[in-house]
Every structure is written in C-alpha cells, then in structure tokens.
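Novice: Quick paste from Swiss-Prot:
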REGION    148-178  region 'Disordered'
COMPBIAS  164-178  compositional bias 'Basic and acidic residues'
REGION    197-262  region 'Disordered'
COMPBIAS  203-224  compositional bias 'Low complexity'
COMPBIAS  244-262  compositional bias 'Basic and acidic residues'
REGION    356-377  region 'Disordered'
COMPBIAS  365-377  compositional bias 'Acidic residues'
REGION    389-433  region 'Disordered'
COMPBIAS  392-407  compositional bias 'Basic and acidic residues'
COMPBIAS  421-433  compositional bias 'Acidic residues'
MOTIF     544-572  motif 'Q motif'
DOMAIN    575-754  domain 'Helicase ATP-binding'
BINDING   ALA588, LYS589, THR590, GLY591, SER592, GLY593, LYS594, THR595  ATP binding site
MOTIF     702-705  motif 'DEAD box'
DOMAIN    780-933  domain 'Helicase C-terminal'
REGION    973-1016  region 'Disordered'
Amino acid sequence: MHGHRASASAIHPDYPVTHRESTWRRATLIVQGSTATVDDTLRPAVPARGLQAAEIAREIATEIATAVAEVVTTVTVLEIDVTTAETTAAMTVETTAETAAAHVHHPVARGHRTAEMIVTAETTAGTTAGTTVAMIGTGVEVPRHVGQARDVLQPHRPRTSAATREERVNPEKQKEDKLAERAAKLLEWKKRKEAERLAQEKAGTPGSGASPAGSVPSTPAVAATPPPREAKPTVAKSKVPKPATEKVKQKQPEKSSFKLDESAAARPLIAKPAGKPVAIAAASKYHHIDYKCSNQLTQTDGAAAAATTKANGNIGSFGLKTKSTAEEDISSKALLDDEIDTGKRKLQALPVFATHDEPETTAGVEDDAAMSDIGTDDDETNAQLQAKLQSRRAELSHDQAADKDTNMEEVPTADNTGDQMDVDDNAGAEEDDVDPLDAFMADLSVPQQPSRAAPQGETMFNDDLEPEQTAVEGEDLLALRAAKKKKKEVPTINHEKVEYEPFRKDFYTEPAEITQMSAEDVADLRHELDGIKVKPDDVPRPVTKWAQMGLLQQTMDVFTRVGYARPTAIQAQAIPIAESGRDLIGVAKTGSGKTLAFGIPMIRHVLDQRPLKPADGPIGLILAPTRELSLQIVNELKPFLNASGITIKCAYGGQPISDQIAMIKRGGIHILCATAGRLIDLLQSNSGRVLSFRRITYVVLDEADRMFDMGFEPQVMKILASIRPDRQTILFSATFPKTMAALARKALDKPAEVIIGGRSKVAPEITQHITIVPPSYEKKIAKLLHHLGQTFSDDENAQVLIFTERQETAEDLLSKLFKAKYFAVNTIHGAKDQTDRNEAINEFKQGLLNILIATSVAARGLDVPGLALVYNFDCPTHLEDYVHRCGRTGRAGNKGLAVTLIENPGQERFAVHIVKALKESGAEVPDDLQAMANAFHEKVKSGTEKYYNVGFKGKGLDELDASRALDKKREKRALKLGDDDASDDEPDLPKLKKPEASGPGVAKSTNGDAAAEPVQDEPAWKKLLLGKIVVNKTERAETGKPTTAKERAMAAARKIDGNLSRKGTVHAGQPIDNKGPDAGLYHSTLEINDFPQKARWAVTNRTNVAKILDATGVSITTKGNFYGPGKEPGETDLPKLYILVEGDTEGVVTQAMLELTRLLTDATVAAEEAASTRGPTGRYSVMS
C-alpha cells in the first residue's frame, strides 16, 4: 500500500508545481452488501491532463485498498468530472482478505498541496466496521520524479477519525464504555504477564538474568541477520479465504506474546533497510492513527500493519510496487517481536487521546515507549534509543528485583530461539479480547519525552511572575531613600599639580584724550555719571564713548544697530577696569546696564585665547541666582557674541539634565551661563567627566548678594575653588551690604569697587507711593482693585507687576482678579514649573498679559521696558528687597511708579527701611509713615523691640543643612524609626515625655519640672500610613422595615453612627456609602485629604488607578470633599476626601489597599524631599 507515492508531475504532467490552491481530497467508502463504493471528490479539483480518468480511478482504488475481508469484496470508485460536475463509475477493484486493511494511510500528492483522504467502511447491518483518516502536511513542493516524492513529504498534525453512527447518537456513553472495557482487559492482561514472569523466575529460566551487554556490537549500523524459525517455515499463501476459527488460532500468538527474543536483546538496534520500506513505519512517520475502533476491525489490525512491500518487486503501470503472495503471507502472520523481518519493522509511539481519569503509566512504559521508536529513519534518534535500552538492560542484569514494573520480557537464550512458540488454544479463547498493541497504546497516557536532546521548556505560572505582595516597612523605605540620596559635593582640585595654559588679561589702552584729563576733570566726570565712587584710586578712568574702549568693529556695529548711543555710568567705569584685567565688584541700580558691563570685556578675553578643542570646556563662566536671570543674560549678550563668532549657552534647573549634558559634550561652548544648582549637577555627572574647568579664565557672579542669600555660598565657593586661582572674577549686584562684601572678597583678588548712586538706592525716575492700610486682607484687596482701576482707566494697555510675600497669596489674588473681570493675569513663583514660568514671563514681555503676580523670584532679572506700575501688595521686609522690587519699573531712563502697602499696626519695623530708601532716593517721606518709624524707634529705646537690618545676608548651607537634619530626625521619630544609621553630627531632638496616667486613684506629680515638654502629635497622614489595613464585609441594605423593638433600636444606632462619622475624618475600613445593591462583598476606605497634593494626585490619576483595577479587579471610587488645613467638615457636610475600595474577596481589596498605600508613601516622601531641597521660595527669614 505504501510502496509508492504519486507525485503531482506523475499524475498531472502539465500541472505546475507552484500552484497554491488547496486540493484536498475526500474519499468515502460506502459498503452496500458485498460492494464498497468510494466517492472521491476534489475541492478545488484539478483536471487530469494527459491521463485517462479510468487510470486515475484505478490508482486511487489501488492506493486506498480498503475493505473489510468479512464484508467487502469489491470497491467501486466514483470519479467527479471537474468541468461538467458529472459523477461516473470509473473503476471497480476487487479485494481479498489478504489485501484488505482496516486502517489505511497513504498520502497522494496533488500539485503543490497534498491530499486528505477519509475512508469510511460500513457493514450491511449499519454498524461501523472501521474508520481511517489519512492526513499529510501542506506546503510541500512535490518533485517531478516518483522516487523523490517519497522523501519530501512532511508530517502533519494527526486528525481524529470520522464518527460512527452509534457514536454520533451517544458519543460520550460510547467512549466511557470503551475506556472501562479496555482498562479492565489491560489490568487482567498485566496480571497474567506478571504471573508468567514469576513462573519463569521460579523455574530458573536464565533469559532475564543473563546480561546481554557483552554481546552487543559496537557498531549498531550493521544489522545481524536473524536465524530462521525451524517450526514455522515460510509458505506462500493463496487468496482463498480461510475459516474464521483457523484465523483466530493464527492470531492468538500475535496478541498474547508481546516479547523480545534473546537474539533481539543481544544485537544492536538497526534502522530500516533501504531496500524494503515498511508500511506501518511510513504511516507512523507522517500521521498518527486513531485506534478507537470495534473488535472486528481490531482483529484485522495485525495483518494490515505487518503488510510490507518489496523494493525489488514488480512495478505496476502506475509505479506501484506489487507484492508476491509469499511475502504478503509472511508479513501478515508475523509477530511484533518475531525474528522474521525484524530489521525492516518500525515501532513508534502512537498517542491515544485518553481522558484524565485513565490510570498513570507504570515504569515499564518507559521501555515500551523506547521500543516503539526502534527502526525510525532518524539515525540520531535510533542511537539514543539504543543507548537507553542498553542502559536499561544493564540495570536489569545487576538488579533483577528492581525490574518489577517492566512489562516486556526477554525470551530464553539461543537454545530456544529456533523453537516455534506454542499456541494455547484455551488461553487464546480467554485472551481473545486483549490485543498487545491496544494494551500498549492504552499505557501511553502520559506524553513521552522527545527522542532528541532538545532544550526543554520550563512551566511558568502567572503567579510566579507577580511580585510578592509584602508590605514594605517604613524603616526600609526611608533607609533606601537615604542610601540613594547623597549630598552634592564638588571634588577638590589641587591646583599646584595642574599645569594651566598662560593667558592674557590686560587688553585696555587708555585713550589720549582721557589720559590728558586732570584729576579735577576726572572727579567732575564721575560726579556727572551718577556719582561714581571707586576704590582704590589707581583704577582706570571712566570713558564717555564706545570708541574709547578699544572694542572690535563687529561690536561697534551691534551697538549702532541696537541704538545704544553712549555707555551708562556703570558701563563707562566698569568696562575699562574689566579690560585691564582686574577683579571687580560693581554695585549699581537696576536697569543701569550691568549685563553689558561684564559681557563686552568678555569678547576680547575669549578671542585672545586659542580655539576650543572638542574636549575643552568653556572659557567664560557666568553664575546667576535664578533661571529667569540666566535666560535674560544669554538673550542680551547673544547679539554681541554672535557677531564675533562666540557661542554662549545656558544651563539651569527645571530642564532635563541629559539634554544639557549632550550639549556640553558636543563642545564648542565659549561661554556658559548657569545657575549654581545645575552647575553642581553637571560637575558631578559621570564622576566629573562631563564639564571641565581647565579653560575657564573669566568668571562673573551676577546678582551675587541674592545668590549668597539663597544658600549657595558653599557651592559658589567650591565652584570658584575648582577654577584656576589666577582667573579674573567680576561681581555685580544692585545691592551690596557690608556683610556680603566681606564674603565676596574671599573669592576675589584685590578687587576694584565701583559704586553707582549709593549701595541701595531707588532710581530717581521712579515715583514711590506709600499707602498705609489696616491689617485686613479684604481691605488690601480693595486698595489693589482701586489702584488697578485708576491705572487702566488712564492707559488700558498698561502693564502691572504685583509682588506678594507668599505663593498662596499670589494664587489667591489670581482668583480674586479673575472674579473682578481681569482675565489677562498670570502668576510666577517657585512652585510652578519652569516651562510655565517662562511662558508667563514671555507673554508679559510681549504685552499679552496686563497683570503679572509674582513673588521675589521674579524681582531679579525681570526686564520689561514698558512696565508702568510695580505694586507691593505685601510690604518688603528689608531695604534691599524694596530696592529690587521698585527697580523693575523705570528702566532704561523711562518713568515708573511703585506703590507699596504697609499695615499699621503690625509692620512698624518695615517702615524704617522704607523711610531710609525714600530719603536716599530724594523722595518725600509721608508723615504717617515717619510716625510709624518714630514709634518703632521708641520701642527700640524702651527695649521692647530691636533693629533688624539684615538685608540679603549670606546664610550659607550650614544652617540649612542643620535645619533639614533636624526635620529628618523629627520625621523619624514620628514614623517610629530607629536611629541606627544616625550620624554623630546630626542634632539631637529633645526627648518626648511619656503621657502620665490620669484618673481616679492616680496621684499627679506636683513637681514643676515634671511638666516638661508637651507630647508631639503625629500628622494625620502619617498615622494613616502606620495604621493597619482594615477590610470589612459590606453591610447589605435590609429588605424590609424593622418590626421588633430591637431592630428599630439597631437601625437608629446605625443612623446616628453614620451621622457622627460624617462630621469627622474617615477611618480606615469605615463603611460609608457602600450599602447599595452594586456594592462589593468587601470594602475598605483610605482618607487622603491631609496628604500633600502630589500624594493625592498619585492615587487618583487615571493611569495609576487603571493599573490597580487591571491587577486586582476591584472598584476604586474617590468620595468626599477636600478641606484645607485647619478646616473641618460640618455636621451636614460631606466627610473629608477619601478613597473607597470595593471587591469580591478580601484578598483583592487588601492588595489594592497595599498598592494605594505604597503610592501615597512614595509621593509623600518625594514631596517632602522636594520641599526640603528647594529651600525657601519667595520668603525671607529674619535673623537676629
């Protein structure tokens, strides 16, 4: 049957191999009396070209070769014509018992695809006689030669057979009966086999005890010829049918003796000889067989499976190899373990689709499974199976008792190999229902391991991939963050070991007309230029024209283009000093042109040095206190620097540091303008390999007093210490207190001081109005609205800058102005993102905004030429702050107005600074303001008050670090964390006094010292994080009204409890508003009202909530109202903001609560760290 596989070219010579259509064939064998009809249909069919339809039908009938010997003797093939769709009886083929087969598997290739044939045989009584499914994998290009088609076809996944009539009626019942019957027969058969083996052992049979290892040849490729059987010679069989009783006797030894003889055990396993392909091996290689069939079909199974073809046999007209009568008889009567044709036979594991209730495979199945693969075409597989079988035999020879689970036995040694196996007729009648192949297949309930040594996968469950839902202790969480957080330090450089390039500082040559001036003329000139004061006296003289400074022509052209006709006072004196190479301290009023005073000399300084290499750092460095000021410096200097081919870049916080690192690595930056904090970050990036200070020779500190006041003095000093000592350093500011001057001189080398118009002075172009108001927030807002109305009535396009002391006040004023119909309003303060701040400033400069509300962060560097009004809603706390605020208006010679509100009583101390500023600027002092200042002086004389004239004092970071360390220890105490990792330099907190017991019978201490410090209360949000998660079962609403007195009392109590809970906070697990029909079985609550805003956002934003919902399947609802600090809900108000988590099980609710708690903890700690690292924003601390 399997000796030939017809190729597409052999059947259809004109059919192209590249055809991609599917040509599946379904052939149905229908039994009617003694005739079987095969209905062969092609879909889509391929017409026969060059061949007759009768020849195709004969080939199909011959290859299918299906018939049950007892019923079917003739097969009729119906051919469907492709073009006319007519059915004709193409061929009738007779069959006999020897050629009939219950299970037929033969692939027929059709074009580029392969064929599928389903053959069904039915008896005259309507019962199922057998079902055969033949499937071949698709997608194989079939060669044009018949001999090559045999080795090209690929295996396909097995397909179950067609259902029989009874199975279609009740398939489940039929399967259960078959499984039960097979299991019972299998158990009985195993018992008999075990009894036989024990009987042989007792009789002293050496078959199982002898070790065959020594007789196994080393080369398994050479097959040993099995000796012929003496008692059973090969006899040619005729085609005459035999009685049923004779056939039964011939088949009993096949089913009952499933053994290996001694010669098979002693010789190596061999592969299939090349000359004779085996039918059952071919079928096993390409597809699996469904063995769920009736007993009548099973009896013919052994004969059909043993049928073989000869390689040297006759060739039919269609290339099919015919058999001789003798070979058919021999192959049909051979046993599975018989010596005849043992080398040609293939055994392979054939899985059965068993149910889960079948018994587990015993240890002996491992050997059976190994034996089932003997003789396959894969040499590597055969070698592995042979080694496995030999190892098993060696174990049997050493330990016979350990082989009780093996179901296969070895036959006696060579003395009995030639004897014919006896047939027990009585036993045959008893074992008629048990087939060894069926029993073997039933044992294969567990899939066997693959024969190849391939990498094995590992079973992974979804639960193994999930992180452990273990609550993280607060100590571990804070310890982890403390370990990650390191104090920013700039590495110290030993300049004595570094060899720096020499550079030139002095580029200034005094013009002849300036040299010829007398000392009196120079003094008069400095007096005309806003009273310039210089120290020492030997500094270069001031100039009056740009041409007298020795500038480049490109720079002169830019001055002409931007319209700067002559230098300002600070520029006239500072530029000659800077070009001469001396360090400089410049103090001038705001808007006087300090930026160009240090920027113009930088051009000559940079161009005089050699060009930059890719790895070189900048030559000039400008430090600014705020981001806005750094951007303004870059924008103002860029036209002049670009004209000379000099590149300037800006680096400040609020932007991704990765972008700025990439900018620096690209190189080519001559001047870098940066804030102190971001410059520290750049110095520490990649262990200091990002930014190099070797080429820096020109350093500028703009608004130096403000920079030191913000706590950057240690960082600034370390930055300056990392730069070569012979650098040129220039400091500029609008104010310069004496304490600040002492700190600045540490970083400068014999600096020259230039002071324009006094140390802290408001420009005379600015009109100052002081308004005294009572200490009422509403009255101050009324005054503000009154002044705004007057300003916009005079000029509707006017712009107003309002200063506040706190960020909260700025945001509140924004909402008040919105209500007053002022819509072109925005705010800037330290809590806003840098992008929002830049956008607001740009819109204000472009005139899109009429009102800008700001804290002191915008007082430095904000330059709006057309600003008409500066409004100090909160009074400045010291003189320097007042000067800087007022300096935002009246810039570049324009007129301006500054209005200041001061509260009386309450702000008498600030009146002293304002009176001093008015007197120094030559403005008139109001009488009521002078009275407030005099009253404060009287209080100072009486000792009830003292002066506070701190200005912008440099507090540094020592005090700030100490304050942060104190806050950290206080937080640890609140969280009840240990102090194991506490360092020695951390400040100690006063110990908390344990609360004393009180009540009847408890004596209270009368010692006055005992009433020491009060106990510090923990914040509410910390108590929530430390508390345990409580999950309650949801209370369902009652179906009816309470009838008994007890039920009415319980309902009233629950109502009262609900009302009380609405007044206060929501405790963890408190059941609130979750008694509806859609409420979960379990619920828990988490109050988030008192957490920081970032923490509340972390547990309420859609992204985080969606992740928790997907992971747990719970329902998360945000309920209640938000109440600010110090506010509590009333009796009829909703409770504080909280989260309600509902779920079907307690576990999922707990898991969701753990994740929410984690998000709250992370966001809260991040908010605390951000607040501590940012430091004070918009407020000034008064130091005594």
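Even glycines carry a Cβ here, placed using N, Cα and C.
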Novice: Please list the DSSP helix, strand and coil residue counts for the motif 'Q motif' (544-572).
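Specialist: In the motif 'Q motif' (544-572), the DSSP-based counts are 18 helix, 0 strand, 11 coil.
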Novice: Using DSSP with the three-state reduction, classify GLY591 (ATP binding site) as helix, strand or coil.
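Specialist: It is coil.
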Novice: Give me the count of other Cβ atoms within 10 A of the Cβ belonging to GLY593 (ATP binding site).
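Specialist: I count 20 other Cβ atoms within 10 Å of it.
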Novice: Output, ordered by sequence, the same-chain residues six or more apart from SER592 (ATP binding site) with a CB under 8 Å from its CB, or 'none'.
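Specialist: Same-chain residues close to SER592 (ATP binding site) (Cβ under 8 Å, separated by 6 or more) are THR568, ALA569, ILE570, ILE756.
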Novice: Who sits close to LYS594 (ATP binding site): which same-chain residues at least 6 apart have their Cβ under 8 Å from its Cβ?
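Specialist: When sequence neighbours closer than 6 are ignored, LYS594 (ATP binding site) has ILE570, ALA574, GLY586, ALA588, ASP702, PHE732, ALA734 within Cβ distance under 8 Å.
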Novice: Average the per-residue pLDDT over the domain 'Helicase ATP-binding' (575-754) and send me the rounded value.
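Specialist: Mean pLDDT across the domain 'Helicase ATP-binding' (575-754) comes out at 87.
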Novice: What count of other C-beta atoms do you get within 10 angstroms of the C-beta of LYS589 (ATP binding site), across all chains shown?
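Specialist: If we count other Cβ atoms within 10 Å of LYS589 (ATP binding site), we arrive at 29.
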